[in-house]
Amino acid sequence: MAKGSGSAIPASVIGLALLCLLIQSEIAHAAVYTVGDGKGWTLNAVNWPNGKHFKAGDVLVFKYNSAAHNVVPVNAAGYNSCKTPRGARVLKTGNDRVKLARGKNYFICNFPGHCEAGMKIAVTAA
């Protein structure tokens, strides 16, 4: 009895297809948040993350007047002291997009007095 010459798909091809699907699924589920909602990135933003659940890969959009503010991703020390660490990246387009890393993510405005006035956020991404 002759065996059929069916078109069996190798397991490696199936595995690769499933991996691609998983990656697409992860990308498709990333949420985009506008920091400060309708008010944008401004003074007293410190409580904006409260009650929100963020995941690694989610995107924060900082909308603000670039002549009056900026966004500086900082570490915990920079966040707590409102000081910009040496070599920190300063974002200043007025429409900055930042992808969250797993764990704590900290952001401040380093215009004089702004961070101290609550223009800073700490976001934890699961």
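Each residue, glycine too, has its Cβ placed from N, Cα and C.
No curator has checked TrEMBL annotations; they are predicted automatically.
Features reported for this protein in TrEMBL:
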SIGNAL    1-30  signal peptide
DOMAIN    31-126  domain 'Phytocyanin'
Model confidence over the domain 'Phytocyanin' (31-126), averaged pLDDT:
98
Residue distribution over DSSP helix, strand and coil in the domain 'Phytocyanin' (31-126):
12 helix, 31 strand, 53 coil
